[in-house]
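> Here's the feature list from TrEMBL:
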type     : residues : note
DOMAIN   : 1-58     : domain 'HMA'
DOMAIN   : 66-132   : domain 'HMA'
TRANSMEM : 162-185  : transmembrane segment
TRANSMEM : 197-219  : transmembrane segment
TRANSMEM : 231-253  : transmembrane segment
TRANSMEM : 259-278  : transmembrane segment
TRANSMEM : 414-438  : transmembrane segment
TRANSMEM : 458-480  : transmembrane segment
TRANSMEM : 796-819  : transmembrane segment
TRANSMEM : 825-845  : transmembrane segment
Amino acid sequence: MTCANCVNSVEGILKKLPGVKGAVVALATSLGEVEYVPSAISKDEIVQAIEDAGFEAAFLQSSEQDKILLGVIGLHTERDVEVLHDILKKMDGLRQFDVNTVLSEVEIVFDPEAVGLRSIVDTIEMGSNGRLKAHVQNPYTRGASNDAQEASKMLNLLCSSLFLSIPVFFIRMVCPSIPFLSTLLSMHCGPFLMGDLLKWILVSIVQFVVGKRFYVAAYRALKHGSTNMDVLVVLGTTASYLYSVCALLYGAFTGFRPPVYFETSAMIITFVLFGKYLEVLAKGKTSDAIKKLVELVPSTALLVLKDKEGKHVGEREIDALLVQPGDVLKVLPGSKVPADGVVVWGTSHVNESMITGESAPVPKEVSSVVIGGTINLHGILHIQATKVGSGTVLSQIISLVETAQMSKAPIQKFADYVASIFVPIVITLSIVTFSVWFLCGWLGAYPNSWVSENSNCFVFSLMFAISVVVIACPCALGLATPTAVMVATGIGANHGVLVKGGDALERVQNVNYVVFDKTGTLTQGKAVVTTAKVFSGMDLGDFLTLVASAEASSEHPLAKAVSDYAFHFHFFGKLPSSKDGIEQRKDEVLSQWLHEAEDFSAVPGKGVQCSINGKHVLVGNRTLITENGVTIPPEAENFLVDLESNAKTGILVAYDGDFVGLMGITDPLKREAAVVVEGLKKLGVHPVMLTGDNWRTAQAVAKEVGIEDVRAEVMPAGKADVVRSLQKDGSIVAMVGDGINDSPALAAADVGMAIGGGTDIAIEAADYVLVRNNLEDVITAIDLSRKTFSRIRWNYFFAMAYNVVAIPVAAGALFPFTGLQMPPWLAGACMAFSSVSVVCSSLLLRRYRKPRLTTVLQITVE
């Protein structure tokens, strides 16, 4: 594919196929994603439809869980194929298989419940006595090899074209000034001159052998009612070639030899191929981010072998793609963790910077969670795989980046529209150029001195027309947006900012409001109890036991803080010192220590209620207590007001209809919160804080971070309504939340940003996933978007300005005043380099550096 029109053609053809539900094609990555019904159409038919349209296509991967593509080493003879068939027929759990002897591949449909992927690979190797070795085909490796093949193919064509075109150029420009060669080339070979005959033979090979790809692509494009760059190249070069052949034959039979321009078509094809080769190389650079992420995954894993009793009996190196959930894997110091899992033996430190962006090594011990692709630094670990394949964090990140690169930014619609009318307009301009120059020459409107002695009015006009066709470049417009979006999404991933698509990337540059959830977003999400006070005759220990019993069934972060405080009050200094011992002992005593809570229910945004010892217990905020008719004593009210004024949340407790006591809980602010809020104001963005907490606590927290606009006591369901109210005047609203409680608001916002530690990322509701739990990334997301779309606008300006300036120059607009005439071969060179320059412009985004906290406060709105 060369331009946006090619993309539109392929998408249009795919969407018309029976059984295809949807299709998205990306120019920058040369990838397409097709959603189809396998019973109605096969993948081979989809590939064939794309190839019939004039493009080359190959199947890479499928999202079907029960289908796998295996490469098989050792498939050399018919006997080998028969052996493979026999092995697969005898295997349980296989539904069907298809062996491709040309590519040495076998596609298998199997039942994952009945047979594992590793079992299939092992059975093939054992059944063939080691002659056949199967391995999982990595789609990224295949994609990279396809890119390498494309670059190699383009280089071979370019070298062939250069090898044939340089002699043609030499014969035209250099040989006439060398007497011996000039005499040799002026010799007659039948009715033709030797020089002309040599040029004709060499250029014919360039035109129809090397340039065959342009003819094939142009024919197929026209067959489907579309036009692209190939059509322009074919028109320009064919016009020059046919004219030269006619002039040569005319001269051979009449004796009057008009000038021939064989070198024009040869040089045009050479320069276009050179441009395409540079473009393939440059486009390969734009996908570096995905390549780096893929390289994080180790190629092999050490499987710990155990007997039936669970004893360690040995180790075996396996392909990392064959790891199955439940496998115990050995991770050596300095090696990469092969899959997401849990440590079952050993202690070490792991470098997780490639996933979370945090440079400090993270300590790991038994029960610690590890992420695939991270590096084990010191000790040996045994981990049990929990997530493999597409379920791992790294695979999800790669998938997000791929999805973003496949999507189209709304600004791309402009290029799509221009591409759809570009080629017909250029051809029309070319015809008009020829007609105007020819008619003016025929009517004697310009002096004969403008036309060279051995030329004529027709040839003079034709050269201008060919230059117009060849210099026009729809490719630069088509590449302006996707290449920049591709680089930006990759850069974002490197900085822990995952963006789902070009539309989200485009929206965030114009954001007016950033709405922050308080708990876990502006604060650390690590609530701690700072005080507990009883306002009845109940003992403090009994009070804490009552509250912890009521909160034991709740999953709210504040409930955990209450339970931990009560536990430490009762058992501090009475448990073993080691962490494992504490956890084990804690589990044992919890069942004996807590009362049994019956009829438990959580009241969203208010608290919990249950029955303990047959009496009604309420634990929650002021609203829950007062709604149930419980009176809060004045001294408790004063104590509560004092807590809330100091940015603490009050948890009130009622037992059997009477107020018993309260607890003060604080959640420390993130250290960067205040600076980020100030930075957003400098960027011209209005920060808003949204919380279910009471007004006093909310305002105290907001004052600390510098937010003036506070929305407090908002129920979880009402958060989306607050977002919609801000959108009423047409403002663009971004919502930053933890992605779980805030998912309705994240979905309602123009831009949803889920902030989390990398493993619990809420991919569904948010447009952005901020992998590191750091608010600085909100500014990074906005800044990256603004710089990306500034680059895209420059790309569009350059691509449009190039065509607006170049086409009139090629048409001869300056010739009457300056005598400047652009030869068609030079026009071809300009066209080739215009698209390369746009891709290189997008590649400049790779130099992006995220704003530092120290400089954020100096940012001013332009």
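Note that Cβ sites are derived from N, Cα and C of the backbone, with glycine treated the same way.
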> Against which stretches of its own chain does the transmembrane segment (259-278) lie, if we need a Cβ under 8 Å and a gap of at least six residues from its ends?
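The answer is 2, 151, 154-155, 157-158, 161-162, 164-165, 168-169, 172, 196, 199-200, 202-203, 206-207, 210-211, 214, 233, 236-238, 240-241, 243-244, 247-248, 452, 454-455, 459, 463, 466, 470, 823-825, 827-829, 831-833, 835-836.
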> For the transmembrane segment (796-819) against the transmembrane segment (414-438), do we get 3 or more Cβ-Cβ pairs below 8 Å once near-sequence pairs (under 6 apart) are dropped?
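The answer is yes, given that the two segments have at least 3 Cβ pairs within the 8 Å cut-off.
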> By DSSP, what is the split of the domain 'HMA' (1-58) into helix, strand and coil residues?
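DSSP composition of the domain 'HMA' (1-58): 23 helix, 13 strand, 22 coil.
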> Would you kindly list the residues that approach the transmembrane segment (458-480) from elsewhere in its chain, counting only those six or more residues past its ends and only Cβ-Cβ distances under 8 Å?
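That would be 2-7, 27-28, 228-229, 232-233, 235-237, 239-240, 243, 247, 258-259, 261, 264, 268, 279, 415, 418-419, 422-423, 426-427, 429-431, 433-435, 437-438, 441, 450-452, 792, 795-796, 798-800, 802-803, 806-807, 809-812, 821-824, 827-828, 830-831, 834-835, 837-839, 842.
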> How many of the residues that make up the domain 'HMA' (66-132) does DSSP mark as helix, as strand and as coil?
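Going by DSSP assignments, the domain 'HMA' (66-132) contains 24 helix, 20 strand, 23 coil.
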> Give the nonlocal contacts of the transmembrane segment (197-219) in its own chain as ranges (CB under 8 Å, at least six residues past its ends).
54-55, 157, 160-161, 164-165, 167-168, 171-172, 185, 189, 228, 230-231, 233-234, 237-238, 241, 244-245, 248, 260, 262-263, 265-266, 269-270, 272-273
> If you average per-residue pLDDT over the domain 'HMA' (66-132), what number do you get?
81
